[in-house]
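Trainee: Dropping a structure here in structure tokens format, bear with me for questions.
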């Protein structure tokens, strides 16, 4: 979180430098927000949309909190925490509605809205490793389950540093050319971040292909494909949001996408809401249980196997 605070701070500094020497802004901040350079959003946040989005995301967070406790799935806490921070970021838009020129509120809102998807993505990383281990198909992953989170978190850190470098260049720029260089470096960071998640999705797709080929019995087992479908929906939501952010910045901080509220909700908030809400209905803990719980279920079944916890190996043979 401290990394993102620094990044947003340099953006605020860069904005202040770019506005130096400009004529005084309009006396009324609500008169012409699109042309008010002191309004970072360039529009007045809609309280109705804010209220609806906060209520929905908060409801998802509360539901997931219950599910974490009910199914003892602490490994999904990253997504739960992300729901609350995302809801908080959206709620700060109430303040921006009444104080559209408040850079403090904007920085806080930006901080929580931009940071929260990182928690959602982290949960996806953990979930894939858990799923592979539960299916007893660890060796079919290109990356060991224990290393997936580490590898992609390191990738996220690296892409963040690229973005921070671009922000620093923009903040210290004393010419239009230098400012453009900083913006382009930051855009490269966003693109690399998107590529990182696309690579993760490719690892996921490769795992499914190998599972279907080398472990047909496990692939054809009942139940777990419902969770698979939920993961695909969630991945799609995150990808849509990531692509939107890349295109948004490619147009500039005052571009059409960045300064149009409907795009923010349609291409950022809504896809992320879909990505997290799908797990309320299809909570991973309903299928992926602890080793102890799975062993007990197998004993109670009397057959040594359960729908998703079959004791067959990934090659389809009994272990």
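Using the three backbone atoms N, Cα and C, a Cβ is placed for every residue, glycine included.
The compositional bias 'Basic and acidic residues' annotation in TrEMBL covers 309-319. The annotation region 'Disordered' is assigned in TrEMBL to 298-319. The signal peptide annotation in TrEMBL covers 1-16. Annotated transmembrane segment per TrEMBL: 44-63, 75-95, 107-128, 148-173, 185-205, 226-244, 264-285, in sequence order.
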Trainee: Determine which recorded stretch among 75-95, 107-128, 226-244 has the most C-beta pairs below 8 angstroms with the transmembrane segment (264-285).
Mentor: 226-244
Trainee: Quickly jot the same-chain residues contacting the transmembrane segment (226-244) by Cβ under 8 Å, restricted to those at least six beyond its ends, or write none.
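Mentor: 117, 120-121, 124, 127-128, 131, 190, 193-194, 197-198, 201, 204, 208, 257, 263, 267-268, 271-276, 278-279, 281-282, 284, 286-288.
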